[in-house]
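*Asks:* Annotations for this protein, taken from TrEMBL, read as follows:
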- CYS77, CYS81, HIS168: Cu cation binding site (BINDING)
- CYS77-CYS81: disulfide bond (DISULFID)
Amino acid sequence: MSTRVAVTALLGSGLGAVWWWLDSEKQQQVQRRRVGQLRKVALGQGGFSLLDHQGQRRSKEDFLGSWVLLYFGFTHCPDICPDELDKLSAVVATLDQDPSLPPVQPLFITVDPERDDVAALARYVKDFHPRLIGLTGTSEEVKHAGRDYRVYASPGPKDEDGDYIVDHSILIYLLSPDGLFLDYYNRMKNQDQITQSVRNHIHNSRAVTP
């Protein structure tokens, strides 16, 4: 009886390994197709030149070689932007706990350069992940960066105090180390879902042959 149980267990573990391998292969094939499709999408393939929250000129090339989570917003945003940046920061912090993963760079590009100068960004990014970099520039530089990711941004009317809200796209973008747009996450995606997605993209990229 014990021999029969041992053989059954061995066969079961063998079949489990086979199913795990088939599932892994399937995921890699799906990832290859997705990467191939995204390479055909004209999204995030251009460059940008902006000032970071320390006043240093930064370009897209400065972040090549790193996985990037990118969010467009503005510092006067009452709730949505802080919520999304809190979520983004939590994702990066969770990924940081896995030593098998490379550091993910969080980026924040303003859609409100009129108010979000270097000093404003420096004050703002302190509330989030310590690696978060805020980026701003002239109105044209900011618009150029946003257009490359098809970001919608439209300032509303000013009140008696000169304050206004900017209606804008609410997406977190994932960029690969070669600067390729790989995925995006809307408000419906929670921290755990985004974390798992980024982890899967990183692991699958190691198994994908360009």
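Each Cβ is built from the backbone N, Cα and C atoms, and glycine gets one as well.
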*Asks:* Hey, what's the Cβ neighbour count for CYS81 (Cu cation binding site) at 10 Å?
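*Replies:* Result for CYS81 (Cu cation binding site): 22 neighbouring Cβ atoms inside 10 Å.
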*Asks:* Far apart in sequence but close in space: which same-chain residues, 6 or more away, have a Cβ under 8 Å from HIS168 (Cu cation binding site)?
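*Replies:* Listed in sequence order: PHE72, GLY73, PHE74, VAL111, VAL151, TYR152, ALA153, SER154.
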*Asks:* Report the residues of the chain - excluding CYS77, CYS81, HIS168 - with C-beta within 8 Å of the mean position of the site's C-beta atoms, for the recorded Cu cation site, in sequence order.
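*Replies:* The answer, listed by sequence position, is PHE72, GLY73, PHE74, ILE80, GLU84, VAL111, VAL166, ILE170.
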*Asks:* Around CYS77 (Cu cation binding site), how many other CB atoms lie within 10 A of its CB?
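*Replies:* Result for CYS77 (Cu cation binding site): 20 other Cβ atoms within 10 Å.
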